[in-house]
Amino acid sequence: MALPTPSDSTLPAEARGRGRRRRLVWTPSQSEALRACFERNPYPGIATRERLAQAIGIPEPRVQIWFQNERSRQLRQHRRESRPWPGRRGPPEGRRKRTAVTGSQTALLLRAFEKDRFPGIAAREELARETGLPESRIQIWFQNRRARHPGQGGRAPAQAGGLCSAAPGGGHPAPSWVAFAHTGAWGTGLPAPHVPCAPGALPQGAFVSQAARAAPALQPSQAAPAEGVSQPAPARGDFAYAAPAPPDGALSHPQAPRWPPHPGKSREDRDPQRDGLPGPCAVAQPGPAQAGPQGQGVLAPPTSQGSPWWGWGRGPQVAGAAWEPQAGAAPPPQPAPPDASASARQGQMQGIPAPSQALQEPAPWSALPCGLLLDELLASPEFLQQAQPLLETEAPGELEASEEAASLEAPLSEEEYRALLEEL
């Protein structure tokens, strides 16, 4: 039994244009005999087909092909008219015996198949004389072989169209592995999924040009200087690139964002693994350039910039660092003793010079301790003035009692405190 094969309209032009069997023209009497037999049984057996072939003078294989084509036409017509296909009628008849092919015959057929997958009628008749098999069985053998092994055989017809077709100019159609690469935040090329294609089959617009631009990132001589060397900062703008950007349209891989460390943690308490995660963006504060975990330098912006800047690189190299005073700036005030008076704290605040313009700009977080900021807020004159009306709303008796308690418990000066300590 022949395996299902593509129709003549779907075969390549090379197979269709080769020497084919001449079309058989049926006479009216032959057509009537065939149709009468078809009405009785659409699926005649080998014995019925042989008797019909002898009666009308047509080879039995041609009678079998006629019944196959007639069943296909009737099935299409029943589907268009939404009628059920009756199927087999009567008892099933005997089928053709399976043709036994010897080893020598198979070797001859395989050699012919390797030379040509679509032999013409002349080649099939020659093989029939050499092997002793009927030509119709040889045709069925080639159909089954093409269906079971579509990639084998010689003189494979070239398929028209498609991205991975043969290269123009007579190039060999053997596939080649083309890998697209891109450059990420690490400054090195990463291979993308491989795509099998024939050489020269890719379009010259998008992927080929992009892969050519991304290829220099894979060269060792060009990738080596990118490690550990800081490039000059841009003259204008808030963006700085520590690694070459990927080409337009090149493949990319998503990377986890890199978050700055907690402002309250010191450098020793931070988790180096968590803070060292690679990421496409990094937040940095003004400061010197520091080398990344892998040795790639990331250049910080000039110290005149006070606002945080975003750069494509290894990650936050100096983000969340402790505040470092500039030249000529006073150090941050230290927290006063618990028993010091409010006037002493106000004097300390007045003695501190105003911060520079760079420090007055808003920052993501403050580097000063929270306790010191709370003391400064409570001791500020503006806060005391705003809180004075709340103190005056108390009852006169309570206000006098609080004033007497305040007069009895006056704060001790530094000399009195030292004298009290010496007496104790």
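Start at 1 and count along the chain as shown; that gives each residue its number.
Every residue gets a Cβ built from N, Cα and C, even glycine.
Copied over from Swiss-Prot:
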type     : residues : note
COMPBIAS : 1-10     : compositional bias 'Polar residues'
REGION   : 1-24     : region 'Disordered'
DNA_BIND : 19-78    : DNA-binding region
REGION   : 72-102   : region 'Disordered'
DNA_BIND : 94-153   : DNA-binding region
REGION   : 148-167  : region 'Disordered'
REGION   : 218-362  : region 'Disordered'
COMPBIAS : 265-274  : compositional bias 'Basic and acidic residues'
COMPBIAS : 278-302  : compositional bias 'Low complexity'
COMPBIAS : 319-329  : compositional bias 'Low complexity'
REGION   : 388-414  : region 'Disordered'
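Note: the DNA-binding region (94-153) comprises 38 helix, 0 strand, 22 coil (DSSP; helix = H, G, I, strand = E, B). When DSSP labels each residue, the DNA-binding region (19-78) comes out as 43 helix, 0 strand, 17 coil, counted as helix, strand and coil in that order. When pLDDT values are averaged over the DNA-binding region (19-78), the model yields 89.
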